[in-house]
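Novice: According to Swiss-Prot, the feature compositional bias 'Polar residues' maps to 29-40. As annotated by Swiss-Prot, transmembrane segment applies to 79-99, 160-180, 195-215, 219-239, 341-361, 367-387, 435-455, 469-489, 504-524, 538-558, 576-596, 606-626. If you look up Swiss-Prot, you'll see ASN303, ASN662 marked as N-linked glycosylation site, on the strength of sequence analysis. Annotation source Swiss-Prot lists compositional bias 'Basic and acidic residues' at 662-671.
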Amino acid sequence: MVPRAPRIGDFEPYRPQLLRGQTDDSDTSKLSVPLSSQSNEADDEQSLSDPSYDMESSADSPQYEGEDTRLTSNKELSGFYMYGWAAEVFVVCGIGSFIPVTLEQLARENGVLLSDRTTPCKAPRPITPSFSASSFEALLRPNPEKGQCVVHILGIEINTASFAMYTFSISVLIQALLIISMSGAADHGEIQENIPLVFAFVGSIATMLFLPVVPKVYLLGAVLAIISNTCFGASFVLLNSFLPLLVRFHPTVRYPESSADTSYVSDEEEDDSQTPTQERIEHEARWANHLSQREAALDEPANVTTALLPSRAPLTSPRVKPSTAPSQELALSTKISSYGIAIGYIAALLVQTMGIIVVIFFQSSNFGLRLVLFIIGLWWFIFTIPTARWLRPRPGPPLHLAPQTSNFRTGLAYFSYSWKALARTATHARLLKDVLLFLTAWFLLSDSIATVSGTAVLFAKTTLGMSYAMLALINVIATLSGVLGAFTWSRLSSFCALSPVQTILCCIFLFELIPLYGLLGYLPAVQRLGYLGLQQQWEMYPLGAVYGFVLGGLSSYCRSLYGELIPRGYEAQFYALYAITDKGSSVFGPAIVGAITDRWGEIRPAFWFLAVLVGLPFPIMLFVNVERGREEGAALARKLEELSRLRDEAVVAAEDEGEDENLSRDVRQGLEESFSYQRS
């Protein structure tokens with residue numbers, strides 16, 4: 001069990017070896033209180049007894065009214081993990097499995113065959129719940145060819161298979177616009193926690209409302225899918241912006257000498273709105289140093305917390321750290337992100353298994369699919385409640401608005417600020433070389449992740465003739481592998497002494513094996529074998545395991561690495577850019593695969609495109625330098641804070657609008673000049 005700091009007076013601290021010239025009761029013996037630094041590449045120390053010591057230098061002092069500088073607690077981390085447990089089931093089970101099938105089936109029951117445009121595609125059948133052997137046999141048999149079906153929406157003929165694709169395209173577009181409209185405002189005021197929770201509850205309710213949707217109102221199902229997918233994306237983007245805050249105020253970052261990567265905040269302090277007192281900080285520092293004399297680091301990568309203080313070393317001796325080791329913040333961020341992804345995958349696995357049982361019980365009926373979506377929405381709703389209770393708001397600095405501003409004008413001000421902030425964020429990202437490189441690689445990588453997944457499912461269904469139960473089993477295997485990957489990649493990278501960038505490169509290399517394996521089917525020797533190169537159904541299962549294992553590593557490492565590169569205080573804006581890059585890229589890959597399929601009449605030629613798409617991010621990631629990116633991000637944050645302060649002071653003193661415009665022009669010019677060296 002991970003030790004926690006006892007109450008003040010409950011333990012006898014380790015008494016350090018006396019230094020030369022000191023006596024046992026010397027008042028000048030020093031107690032180490034590690035300071036919080038930007039990079040934590042060295043553990044600077046300061047004496048409590050030193051006259052220059054200031055409590056505010058040891059604990060982050062509030063930079064604005066309402067800032068929450070309390071240490072990250074176990075309860076707060078649990079709230080962050082809990083939302084992954086709640087919402088990951090929607091994207092894995094809903095978006096990845098049941099919503100596309102449900103939308104297609106709802107449209108099919110209203111469509112006609114493309115061949116004659118008069119014969120109904122499918123007549124409704126009664127619901128007969130059963131667990132008979134024939135039910136399982138029907139699910140495992142390849143589905144017979146039903147023919148292409150079309151429906152008419154607003155006088156336009158649309159293929160039922162394309163109905164779900166168009167629905168998600170619309171939802172992605174709305175999602176991007178919504179994220180832009182409120183992302184900048186999420187960094188200001190007390191809305192950083194409230195907005196994502198509102199989106200979470202609305203999205204979960206929209207998912208549950210699939211239950212009463214019958215084929216006659218299939219367009220309502222499309223509307224619900226758009227609402228739920230839009231709300232999911234918006235809520236996840238905003239909650240991702242909590243990750244740098246949780247890391248920044250984590251005790252192992254504030255007190256790097258500690259050997260236990262857990263919160264030292266007692267249950268009473270978790271509910272206290274005040275920052276820790278000087279007495280508490282001194283007490284926690286003694287406990288941290290006391291632990292460092294007794295035991296090794298708990299559950300930390302070996303190259304991050306190696307060389308803790310020896311048992312008889314003075315407490316003022318700095319901890320030696322290899323120059324090649326990643327920072328404490330990045331190691332912790334990767335660990336939290338990995339745990340969050342893995343916890344979400346475990347929940348998705350449970351709900352996916354539950355959904356398969358429900359579908360089998362109702363013999364793949366329309367009602368069974370809608371019931372599964374109701375369960376997914378209910379799961380999302382219920383487990384979002386602990387997140388709302390445990391995750392602290394940690395509000396950002398408020399916007400400078402007049403005290404009597406109406407709610408409408410306040411909302412309009414936040415809306416306009418968000419769009420302006422995105423434009424500034426894009427400009428800032430252009431000035432940050434490593435952020436720009438990472439986003440370019442992530443654009444291609446995210447597109448390849450979405451395209452490979454959709455292409456594989458379509459290939460398995462149409463070319464290999466796999467049934468819905470077989471496809472669901474592939475999803476289960478991929479989810480299990482994702483859980484394993486999320487927990488394993490951090491330990492593999494530590495064991496092999498890999499940097500985060502090198503770990504991502506390893507994931508990309510393994511990912512490239514999937515399309516290359518599909519291209520083996522073109523070799524005549526492999527064709528004569530009759531297997532390998534995706535010629536048999538069973539070959540999809542190991543590829544699904546590779547896909548999930550790789551995705552578990554990419555999901556956690558990419559998110560945490562990006563959090564290290566962005567400026568502090570602008571997390572929501574930069575994570576909005578991250579999400580827009582993610583969502584926007586997913587439009588191109590599937591469209592190109594569809595065009596290739598239409599041109600050659602089969603999907604296998606699309607593997608050539610996938611091999612190129614997956615491989616392109618590899619050389620780009622080679623140029624990403626985390627240390628350089630962290631330094632440039634910190635420098636940009638300081639410059640932006642300085643310019644913001646100067647501008648606010650000048651705006652107050654300005655007498656007319658023209659002076660303000662001139663000032664804005666000067667501020668932009670100063671920003672460009674300050675970072676001109678980055679473009680040389």
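The backbone N, Cα and C atoms fix where each Cβ goes, and this holds for glycine too.
I would like each feature placed in context: is it buried or exposed, what are its neighbours, and how far apart are things?
Specialist: When Cβ-Cβ distances below 8 Å are used as the criterion, the transmembrane segment (79-99) is approached by residues 164, 168, 200, 203-204, 207, 225, 228-229, 232, 235-236, 239, 242-243, 246, 336, 339-341, 343-348, 351-352, 355, 369, 372-373, 376-377, 379-384, 386-387, 389-391, 453, 471-472, 475, 479 of the same chain, each at least six residues removed from its ends.
Packing against the transmembrane segment (195-215) from elsewhere in the chain are residues 83, 86-87, 90, 94, 102, 106, 109-110, 124, 182, 186, 221, 224, 227-232, 234-239, 366, 370-371, 373-374, 376-378, 380-381, 384, 387-388: each is 6 or more residues past its ends and has a CB under 8 Å from a CB in it.
Away from its own ends, the transmembrane segment (219-239) comes close to residues 80, 83, 87, 90-91, 94-95, 99, 102-103, 106, 153, 163-164, 167-168, 170-172, 174-175, 178-179, 182-183, 186, 192, 195-197, 199-200, 202-204, 206-207, 209-210, 213, 377, 387, 572, 575-576, 578-579, 583 of its chain (Cβ-Cβ under 8 Å, at least six residues beyond either end).
Within its own chain, the transmembrane segment (435-455) has Cβ neighbours under 8 Å at 96, 429, 508, 511, 514-515, 547, 551, 554, 558, 561-562, 565-566, 574, 577-578, 581-582, 584-586, 588-590, 592-593, 603, 606, 610, 613-614, 616-617, 620-621, 623-624, 629, 633, counting only residues six or more beyond its boundaries.
Among residues of the same chain six or more beyond the transmembrane segment (469-489), those with a C-beta under 8 A of the stretch's C-beta atoms are 92, 96-97, 136, 139-140, 338-339, 341-342, 345-346, 348-349, 352-353, 355-356, 359-360, 456-457, 460-461, 503, 507, 537, 540-541, 544-553, 555-557.
Same-chain residues lying 6+ beyond the ends of the transmembrane segment (606-626) with a Cβ under 8 Å from its Cβ atoms: 326, 330, 434, 437-438, 440-442, 444-445, 447-448, 451-452, 455, 499-501, 504-505, 508-509, 511-512, 514-516, 518-519, 561, 564-565, 589, 592-593, 596-597.
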Novice: Which residues, given as numbers and ranges, are at least 6 beyond the ends of the transmembrane segment (504-524) yet have a Cβ under 8 Å from it?
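Specialist: Same-chain residues near the transmembrane segment (504-524) but 6 or more away: 445, 448, 452, 456, 459, 489, 498, 532-535, 539, 543, 546-547, 549-550, 553-554, 557-558, 561, 604, 607-608, 610-611, 614-615, 617-618, 621-622.
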Novice: Relative to the transmembrane segment (538-558), which of 160-180, 341-361, 367-387 accounts for the most Cβ pairs at distances under 8 Å?
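Specialist: Checked against 160-180, 341-361, 367-387; highest Cβ contact count belongs to 341-361.
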Novice: With a Cβ cut-off under 8 Å, give me the same-chain residues at least six positions beyond the ends of the transmembrane segment (367-387) that come close to it.
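Specialist: Same-chain residues near the transmembrane segment (367-387) but 6 or more away: 78-80, 82-83, 85-87, 89-90, 93-94, 98-99, 101-102, 105, 127, 197, 200-201, 203-211, 213, 228, 239, 347, 351, 354-355, 358-359, 361.
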